[in-house]
Structures are given as C-alpha cells and as structure tokens.
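Trainee: Please see the structure below; I have some questions.
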Amino acid sequence: MITLIDTIKVNNELGEGVIWDALARVIWWTDIQGKTLYQYAPETKELNSWQTPERIACFAPVQNRTDLVVAFESGFAFYQPDSGAVEWIHKVEQDNSGTRFNDGRTDRQGRFWAGTMVENEELSTYKGSLYCLQSDLSIRQTISGLAIPNSLCWSPDSTLMYHTDTPSRTIRRYDFDSQTGTFDTDNSSAHKFVTTEPDCFPDGSIIDADGYLWNAQWGGSKVVRYAPDGSEDLSLAVPTAQPTCVAFAGTNLDLLVVTSAHEWMTPQQRAEDPQAGNVFIYQTPFKGLVESRFKLGN
C-alpha cells in the first residue's frame, strides 16, 4: 500500500529536479520559475529555501564538497546556497535566447547530464540538446532537436538510459556504455520504451531498486510505475493535475517524493486545484537507489 504521509505547502510555480541527499538526509528541489532552491528534512520537517541568481533547472551534490553542481537556465556552474557564490563552468547556447536548461541528473559514474528546452519558439533559432558535464569539466552535446527533455535516469546496472522529449509522449530507452558515457543517439522507434496516454505528458522519472521506472505525468494527476518490459505496473493518483518530478528518499529509501506545478493554470484552474505546486511524500513498500554525486577530477 502507498500512503500519503506529508504535504509540503510551498505553492511552487514549477517545482522540479527533486533529489534525496543521503549524506545530509535532506530532500532538495527547485522552483524553476520562482528562482528558489528548497531543502527539506523529513525527520524534523525543517524547510529551508534560497533565492537563486538565475533559474535553477536541475542540480546534484558534489562528491567531497559542500556545494552543488547546477544547470542554471544559461549554463553549468558550481553553486553554494548559503553564500550565494557561483563559479561558472560553461555557458551554453548563448546564441539561442529561446532555450533554457530543464531536466537533468548525475549518472552512477558521477557525470552530470542536463538538457535544454525550447522556452520561446519565436526567439529560439534551434531546438534543445542533451549535454554531459564530465569530471574534467568538459561538456559533450549528445541528443539534439529536443523540445522539452525530461525523464533522464539509468537502470540499476547502468546498461540502460531512459529519456523523453515530453511533447512526443514517448519515453525512450538506450543501450548505455557506462565506462564512456556514450549511447546510440538515434531517436528511431527501436528505442521506444513506453508511450503515455493522451493528455498525460511524461515529466520527471526515477528508477527503483527493482529496475522499474516511476514517471510523473503532467496533466494526468498521476505517477505511473512501469516494469522493465514497458508494461504498466501501477498508477498512483496524486492530488493535483501537474505532477512534475519524483525521487525516492528517507533513511530506507522507501519514501516517494512528488513535486508539482501551477504554471500555465488559469485562475479558475488554480481555484479548482488548491494543491498545485505543493510537494507530496508517500510511504511505499518499494525502495529506491542512492542518488549519485558529481565526481570532480579522477
């Protein structure tokens, strides 16, 4: 049985990028449009937040350091929330003002990945791409031609990578070389893992300890767990229309955290959906995997 045990009433415009920091025992997430980074300790229910100099799309703790590696809207940087210090690593797509960073995650080998999305089609001269920030701080562009990249995650043994371009409603699965961080970037139907129902757009995903994929479905008021063969294992109804991202948290990695958004809702829709933008924590009989930290250097 899956039970809602906590609701964090933060009213995020676009809550995203949720992760569990196992060392600090806190949940992190970002309100992209609100330019706010959040930290929540489920054991004490202490909530902290920081205003950010740019919109943060996604991020990860850095191994053996106290700062975060982040994908701000315009590029990769190291960021220290308490001091506000920013150390830029790479700006990307500076000739394309219609895009910004969106979803991302650190793979199990410590590389940080993030994708850019088309935010303004009138200003954008080309579509978004998926980038990999490596331990030597060089970056590689991989998939291109993306509208809204999401759902980035890896199988427990790192042989498979999952990713979606949200408007396509199709989550794709690629054979992944964990040693080199490379994969076949062909977006052919051979990589199709699952296609979601109409009006249910795949947003953030996470892989659990059994290798099943959990996906937050924007517009669908639900989180769906898919088996490795792509079949639907279960569907969890959530109390808002636009769930955005998921993570496993807690000492036993058995808490499912779901962020949400009220972005693009009309006043009437917001009145009918008072939980939009809040964060929901569920007790589950399932277990997640420890979120990887960015590895700098060798």
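The count begins at 1 with the first shown residue.
The backbone N, Cα and C atoms fix where each Cβ goes, and this holds for glycine too.
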Trainee: Which of these, ASN150, ASN252, ASN278, does TrEMBL list as part of the divalent metal cation site with GLU16, ASP203?
Mentor: ASN150
Trainee: To the nearest whole angstrom, what is the C-alpha distance linking ASN150 (divalent metal cation binding site) and ARG100 (substrate binding site)?
Mentor: 13
Trainee: For divalent metal cation, what surrounds GLU16, ASN150, ASP203 with a Cβ no more than 8 Å from their Cβ centroid?
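Mentor: These residues sit around the divalent metal cation site: ASN102, ASP103, ILE148, SER151, THR166, GLY204, ALA216, TRP218, THR244, CYS245.
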Trainee: Suppose you look only at the domain 'SMP-30/Gluconolactonase/LRE-like region' (14-262); what would the mean pLDDT be?
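Mentor: Mean pLDDT across the domain 'SMP-30/Gluconolactonase/LRE-like region' (14-262) comes out at 96.
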Trainee: Would you mind checking how many other C-beta atoms are within 10 angstroms of the C-beta on ARG100 (substrate binding site)?
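Mentor: ARG100 (substrate binding site): 24 neighbouring Cβ atoms within 10 Å.
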